[in-house]
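Pulled from Swiss-Prot, these are the features on record:
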type     : residues                                                           : note
ACT_SITE : His96                                                              : active site, proton donor/acceptor
ACT_SITE : Asp270                                                             : active site, proton donor/acceptor
BINDING  : Arg15, Lys75                                                       : substrate binding site
BINDING  : Ser134, 178-179, Asp198, Ser220, 239-240, 267-270, Arg280, 299-302 : NAD(+) binding site
Amino acid sequence: MKIGIPKEIKNNENRVAMTPAGVVSLTHAGHERLAIETGGGIGSSFTDAEYVAAGAAYRCIGKEAWAQEMILKVKEPVASEYDYFYEGQILFTYLHLAPRAELTQALIDKKVVGIAYETVQLANGSLPLLTPMSEVAGKMATQIGAQYLEKNHGGKGILLGGVSGVHARKVTVIGGGIAGTNAAKIAVGMGADVTVIDLSPERLRQLEDMFGRDVQTLMSNPYNIAESVKHSDLVVGAVLIPGAKAPKLVSEEMIQSMQPGSVVVDIAIDQGGIFATSDRVTTHDDPTYVKHGVVHYAVANMPGAVPRTSTIALTNNTIPYALQIANKGYKQACIDNPALKKGVNALEGHITYKAVAEAQGLPYVNVDELIQ
């Protein structure tokens, strides 16, 4: 199969879809025509020469990379890339379609095969291609929150873990999944007073077994969220409903109840965010804004700030699926691997992921009707 790897052009997105090691795996499987856009790996400290040595057939400009049968990317395409779409093209990347009507319509109009990393789902409910970036984003969220609590960044001027004679500060993590758990790990490591809120009693028990007395757990309901947010210095939003818009769990009134200089980090912003005051997506160039005295961090591609780590972690997880698609074609690969089939969000001009269709009020077609 002819495979293209374009350079990411989203603001400060320094990741690349495949490491040179991943390219070796593809070329050894017989997929020798890999079009790597010139400079695509530089942000992750991979040189063009490394890709050529790994077996990439040639380096190219973006248009040529996009002209291949399967496109491997990291982030969802931006508007300037929609013109590269064509019927039957396979796009394998993070899509996050629920809040992105224009991209969704472009995939429908061009009849692109849109396979989203974030909705590839194993039988046990886990999301293997979202997990590595959730780990990164979760760990970053607490680090970033601690930074913006510093006075010179607009925060209260406090240290999360306190020091001798000064009490630790309060961190609330809403969502106890992969991202939330990793945010809590870093907060505990910093010595903060940590609360994790989740909807699942079973998950809360798992977190208590994991953290012991280092973390307090609470059931997710409006009262518990309001009380915990009110008394928190840092709130991390880490709720995920696969493929769907994030629920608005923290109201504007809750944000107003926080002390000035408090910080919220919305990991879920790429799905619309969980804070009612998350009314914009920010960038690494301009990552925060202040509303009701609270610093809001709403960067949708957080792992792009640590691209070397993120690219390696992403490739480790995506390469088995990319190989299945390249070796068998997407239809047979999806028939053989139900987890991969759940990643198909757009196919033959239809939306085939129910949560996306519901979020945008579009007709839903079961993917099984199109892949047999």
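Cβ from N, Cα, C; glycine included.
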| task | Provide the three-state secondary structure of Val299 (NAD(+) binding site) computed with DSSP. | result | strand
| request: Show which residues of the chain containing Ser220 (NAD(+) binding site), separated from it by at least 6 in sequence, have their CB under 8 Å from its CB. | output: Ile174, Ile197, Asp198, Leu199, Leu249
| field | Distance from Ala179 (NAD(+) binding site) back to Asp270 (active site, proton donor/acceptor), taken between C-alpha atoms, in Å | value | 13
| Rounded to a whole number, how many Å is the Cα of Asn301 (NAD(+) binding site) away from the Cα of Lys75 (substrate binding site)? | 8
| When neighbour density is defined as the number of other C-beta atoms within 10 angstroms of a residue's C-beta, which of the binding-site residues Ala179, Leu240, Ala268 has the lowest density? | Leu240
| remark: For Lys75 (substrate binding site), the nonlocal same-chain Cβ neighbours (under 8 Å, six or more residues apart) come out as Glu8, Lys10, Glu13, Arg15, Thr93, Tyr94, Asn301, Gly304
| said: At a 10 A cut-off on CB-CB distances, which of the recorded positions Arg15, His96 has the highest count? | reply: Arg15
| query | Of all the binding-site residues given, Ser134, Asn301, which residue's CB has the most CB neighbours within 10 A? | reply | Asn301
